[in-house]
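Structure, as structure tokens:
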Amino acid sequence: MASKPPPPSRAAAEDTATAQQSTVKTAERTYPFISRREIEALISEGRHIIIVDQYVLKVDAWVKYHPGGDKAIKHMIGRDATDEVNGLHSPEARAQMNRYRVGRISGRWKNFLPPIQGGKFRPRGEEGEEWEEESPEIRARAANYDEDTSFGSSSFASQAASTESESSRTPSPAPSPVFDDGESAPELNQLRARSNARSKSAVSRSDSFTSISSIEDEKASAKGADGGPRDGMAHLDALTRQEIRLDLDKYPPLDEGTQDTVIRKYRELNERIKAEGLYDCNYVAYAIEGFRYTLLFCGCLLFLKWGWYVPSAFCLGSFWHQLVFTAHDAGHMGITHHFHVDTVIGIIIADFIGGLSLGWWKRNHNVHHIITNSPEHDPDIEHLPFFAISHRFFTNLRSTYYDRVMEYDIFAKFFVSLQHYLYYIIMMFARLNLYRLSWEYLLKGQAPKHGPAWWHRHLELVGQVFFWCWFGYGIMYKAIDGNWNRFVFFMISHAVTSPLHVQITLSHFAMSTSDLGPHESFPQRMLRTTMDVDCPEWLDFFHGGLQFQAIHHLYPRIPRHNLRKTQKLVQDFCNDVGIPYALYGFVEGNKHVIGRLADVARQAAILRKCQQTIVDGSIGHSHAH
């Protein structure tokens, strides 16, 4: 007798019910096919057009109401946003999007580069070929180099991908390596060599794709091909080109067939995850979390009553550190999967108890999830003047998130030159910057004023006042005697939260920051720019799910207590499609982050030498005349 199939999980059943309701609501309406040229013309007129499940959505009316902020939508204009939308939104939210459908597309969609990222669109009636640039970075960095003419075209990434696919790549790529801190360097190189057997050459393990130390030393870097002084920008351009080459060698090619396969298997894995119930929240685990939070806060109050300010501050800092993990879950609707319920949970934790704005975090974090590790667009790596994890920050980049130029000024040059030494010191005070960003978000009106989230800002403002009443007045002023004791308590309680900021940056600072253009699939970009941290299961409470950032970036709404169970499935997926799954131990991961910071600091020193060499040469030339 054939066995009965297992019953669907709660999350899978809810998804099916919502999809059926959506089908009933939209079955009466048919949508016309809209040509690619028409979509391009609409975008040139300022329309916000995205593609979801083969439907054309015009979301102009929704942009200012989007709870996740307008920037996240702007990065999806002209793109197939199916995976991003499905990953970051509940079934109910996805069903609501149907009201913005205006048409359908025929066949496979080829992504445009969004206007916010520099894409160009022909107005209606204008003749000429479609602008097919891969990305602004590739166009700007790939031309006019003598050292490698095969990569000197304006379509660098696509040309390289085509070359790879026509050469030694095989239809069935070798298994993906898993990088861990317990392996020796030769073993790691062998693993990557096997992973890249389809490439012309293996790429050795590196914590930074921007390093050129194995190719040229500082003296050679400061000189051009003719032995004369090399322009500083030419040096940075060479670094950018090398980043792209390394990524193209290491990851699957960008041709349509390969990327479509990655996307198909990624979606199949999502269905398997739903079927196995991994989207269902483990509320018993949250009961244990709640007990730990209560214990820490009671310890803070008890030590405070006894006048033991240092252990009290330590307990409070640990309390904040642990609470953030649940606020993160709530922000992704990973607890109840209900938008307003999870938002209220997140606001109570983040604003009322922690003094941080959940709305600011959502606006920031959604962009981070969509355009991860892009120096121009991802706010989670835009930390000048204190940190630069890519040489591209030396060029006064304009942040599309903050709408300002990130000046590489005298202060930035000072901090970046020492960033690998100052990293942990600055992390001790990173929470202070989050206070600033939270108030900036709430007071500057960046939160939605209408739509379903209109009232969230008002609740957050109440929460901020409540926080500074209980913490600022109740504890800092009333419960602690003496200004020195207050200062010590404040500093210790905030410094204790520093592991959280290390954990947040650990997953991305050492990973690739190169831009491979708009045709790279969502899952490949997430795995290329994110790494996981290996730790024993009993330490999961300390990392709070942040040790599974690669998995989380692929499937953001999976509750964190299920991420470890999902890890094996994601590893199998990576092996299947040939995408390296980056996994480091906590100590090893920290070493690679410090190595990346030191490497960028070294590049800054090389740039200064290049510039000084040119200045000295100019002065000598003028004296000769």
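Just so you know, glycine gets a Cβ as well, placed from its N, Cα and C.
According to TrEMBL:
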REGION    1-24  region 'Disordered'
DOMAIN    31-106  domain 'Cytochrome b5 heme-binding'
REGION    116-184  region 'Disordered'
COMPBIAS  150-171  compositional bias 'Low complexity'
REGION    214-233  region 'Disordered'
TRANSMEM  295-319  transmembrane segment
TRANSMEM  339-361  transmembrane segment
TRANSMEM  421-439  transmembrane segment
Using Cβ atoms and a strict cutoff of less than 8 Å, what residues sit near the transmembrane segment (421-439) while being 6 or more residues removed from its termini?
320, 351, 355-357, 360, 364, 386-387, 415, 464, 494-495, 497-498, 501-502, 505, 593-594, 597
Do you know the mean pLDDT across the domain 'Cytochrome b5 heme-binding' (31-106)?
94
Would you list the DSSP helix, strand and coil counts for the residues of the domain 'Cytochrome b5 heme-binding' (31-106)?
34 helix, 14 strand, 28 coil
